């Protein structure tokens, strides 16, 4: 073997070794990347969380026991829809509605190379929900109600066609069965990925509420939590017979940054906070989370939703108080004298609301004594 042939042979061997090392390194890197992709961090099982207001570290176990309210500053942190339902509804009485309804992709929306349907799927896996609202019927301190709770963790609680349809069906069922409706709002507004389909939900829900409130004379309570903005604020969020808001909740139509960029003016601090808006008459009540269930119970009693003495099903509309009320109304129409009409009217009011008035709401006493939080429209 000549010296030239020897060098060429060595060059081939060296090249083969370099190629082998390069291929091995690439395969190793790819395998490690695939392993890292399969590693998932479960934020729901974390032990600590930081308060958004005072930045204090809070132990998750104690935070859940305190209804997601900061022990240091009293700030109300966000809650999942399941936690809110557990907080509001009597245990074992909830019956969910339309759980399997999932969102389509009506306009084939793609954002940053991610199809809208893929984002929906990832949110469903992460939250365990099919969309950004849970609806159903249940009992609140024994009172049959229909309730819908929005979940901000699912795409910012945005309102798409499924959210609008589920809320509309809930209201229509409550109207048919003569049940009061509670709607807990936490949303960034209409869902842009569905275009005008999401905007149409505003009118659809408002039309259902018109029948429920004005034609059937049934109660609708809107509860606004942090944050409630956009199309939800512009529709069913502000249509409640009673509008309740949590302390320091952010309530707006357009966000602060949008207003400042559009108008060129700086938005004052606290302009869109619940306490400032309450001072200007936008809400009826500011109620801490720990008192909410008791306040709702006494409000329903005040408006005549008193549990019957006999057991009744959730869908039943027959009630002794309602029958007495309707019979008193018929007797009143048949009376000829003014005195009998007044007497019948007083008897009717006593049957519907036997002993309650705004000044006698015992659960609201600590709130009334605190800067007169209770007001009427």
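The backbone N, Cα and C atoms fix where each Cβ goes, and this holds for glycine too.
Heads up, TrEMBL stuff is auto-annotated, nobody curated it.
Some features that TrEMBL has for this protein:
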type	residues	note
BINDING	51, 54, 70, 73	Zn(2+) binding site
DOMAIN	47-318	domain 'CoA carboxyltransferase N-terminal'
REGION	321-346	region 'Disordered'
ZN_FING	51-73	zinc finger
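Taking Cβ pairs closer than 8 Å, the zinc finger (51-73) reaches residues 79, 83, 87, 248, 288-290 in its own chain, all 6 or more past its ends. Sequence-distant neighbours of residue 73 (Zn(2+) binding site) (same chain, 6+ residues apart, CB-CB distance under 8 A): 51, 53, 54, 56. Packing around residue 54 (Zn(2+) binding site) is summarised by its Cβ count: 13 other Cβ atoms lie within 10 angstroms of its Cβ, all protein chains included.
For residue 51 (Zn(2+) binding site), the number of other Cβ atoms no farther than 10 Å from its own Cβ, over all displayed protein chains, is 18. A sphere of 10 angstroms centred on the C-beta of residue 70 (Zn(2+) binding site) encloses 20 other C-beta atoms.
Taking the mean position of the Cβ atoms of 51, 54, 70, 73 as the Zn(2+) site, the remaining residues of that chain whose Cβ falls within 8 Å of it are 52, 53, 55, 56, 58, 71, 72, 74, 75.
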